[in-house]
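Undergrad: Annotated domain 'Glutamine amidotransferase' per TrEMBL: B:6-201, in sequence order. What TrEMBL lists as active site, nucleophile is B:C82. Here TrEMBL flags B:H186, B:E188 as active site.
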Amino acid sequence: MLKKRIIPVVLLRNGAIVQSRLFKRFQVLGVPSAVVKRLSSWACDELIYLDISPGGSYSFGREDLNYPELSGISDVIELVSKSCLMPLTFGGGIRNIEDIRFRLSLGVDKITLNTAAVENPSLISEASKLFGSQCVVVSVDAKKNTDGRYCILKGGKELQDKCPVKWAQEVEALGAGEILLNSVDRDGTASGFDLELIEQVASNVKIPVIAIGGAGEWSHFEEVLLQTKASAVAAANIFQHSENSVYNLKKYLFDKGFNVRKPLKLSHLSSNL
Amino acid sequence: MKEIGVIDYGSGNFGSVWNALSKLDVKLHKVSSSEQLLNCSHIVLPGVGAYSAAMSQLNKMGIVEALSEEVLKKGKPFLGICVGMQILSKKGFEHGEHEGLGWIDSEVHKLDVAEYPLPHIGWNSIVNGLEASPLTKNFDQDASFYFVHSYFMKIKDSACVIAESVYSQRFTSIVSKNNIHGVQFHPEKSQFYGLKLLENFTELKC
């Protein structure tokens, strides 16, 4: 039986892995390779790697500690894909077919489009025809506007007059393989997922919906699996601050009988990983 | 030292398969011509993409005859992954009708999934046969693997069907015939059990 997926999201900002709150504040958590190796050894089902660098270099700025200076995004991707024996989704700064081709050639399995999908929806259909719909994830940032209706955001900031459900159906028709649905109002708040938003979108498309935004405790993941049709639940911050976080969440869900992969502490089974 | 040849025919997951195998204690060879097959003790055919594209790439490389010689005549252990497994069949029906390698009496058809979305993407388990294959011996019954596919192998000789999985319908997830093995899922993306499966493959004797 196909399992529900638990997916850590890693945010990269100029060479450092960061934590985000309401898309505004960023706190540094560590270097890209160490964070990925740690998550991978805790047996997560996939990894989503988002580059939110506003521009500039990819240096961690601590060459004195033997962290190599990375010359560009290709160095980061190569580093990550070598230590990642699981599906890897990469997003951020992707504007055209060449950007996609380049990332796939470096070992990425899926790419995610956000701003470029809103600005140029035909990129979705073009990409899914060329590389297959399985590798095209469209990331939808949703936020309530002043009168309480859900709208989508462009570029993390600009509110658009478009309902996330309608937009999700459009990207599905254009050939997107999955939707990464982010509640901007819940981002980094640890107050729980926006179940209403998730259910509205997930029950109106056939493709898998990955819900993100608001995880603060393990029971929040349980709520998504119980109350919505989401195929996967993702989170960033909550997985970064405790030892064996992914394993502990998996165990919590598996022991309650949820259809998730049996938790394994890979580091105990094999030194190769 | 085992000499593992990984066929580089432009398949999207060559790098991932290479990265995974390089974690094992084996010597890897990138194979892009017939001669390079001679030095290999084991042969891996990765695969992502369409049936006909994979076959025409192999034909273009002019490697099919040498591959048959090494695998069918000399009996070297062979592992096909995803489309690399599917083209072991006689015919594939993805975007028209195409001829495969024909090593296993079978055809490749689209999954009949009714309301389920295609492709079948994600982690899925094996419903039976985990104990039957040398590739998965001693695996925990809860072992699951990462799948991405829309087509499956319909096999005439049921003795070759080693393990099955379910996504709306039942389908073959591991096929074996003597030294020829194929897996529908992606061991290179399946963490511990995937790597273990690859390791078990590299330990098969010729």
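A Cβ is built for glycine as well, from the same backbone N, Cα and C atoms used for every other residue.
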Undergrad: Can you tell me whether DSSP puts B:E188 (active site) in helix, strand or coil?
TA: helix
Undergrad: State the three-class DSSP label for B:C82 (active site, nucleophile), counting H, G and I as helix, E and B as strand, and everything else as coil.
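TA: Going by the DSSP assignment, B:C82 (active site, nucleophile) belongs to neither helix nor strand, so it counts as coil.
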Undergrad: Report, as a single number, how many Cβ atoms besides its own are within 10 Å of the Cβ of B:H186 (active site).
TA: 25
Undergrad: Roughly how many Å separate the Cα of B:C82 (active site, nucleophile) from that of B:H186 (active site), to the nearest whole number?
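TA: With distance taken Cα to Cα, B:H186 (active site) is 7 Å from B:C82 (active site, nucleophile).
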Undergrad: Sorted by position, what residues of the same chain at least six away from B:E188 (active site) have a C-beta under 8 A from it?
TA: B:N13, B:S16, B:V17, B:N19, B:A20, B:L21, B:P46, B:I81, B:G194, B:L198
Undergrad: Mind giving me a neighbour count for the residue listed as 'active site, nucleophile'? Other Cβ atoms within 10 Å of its Cβ, every protein chain shown.
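TA: Taking every protein chain into account, the count is 27.
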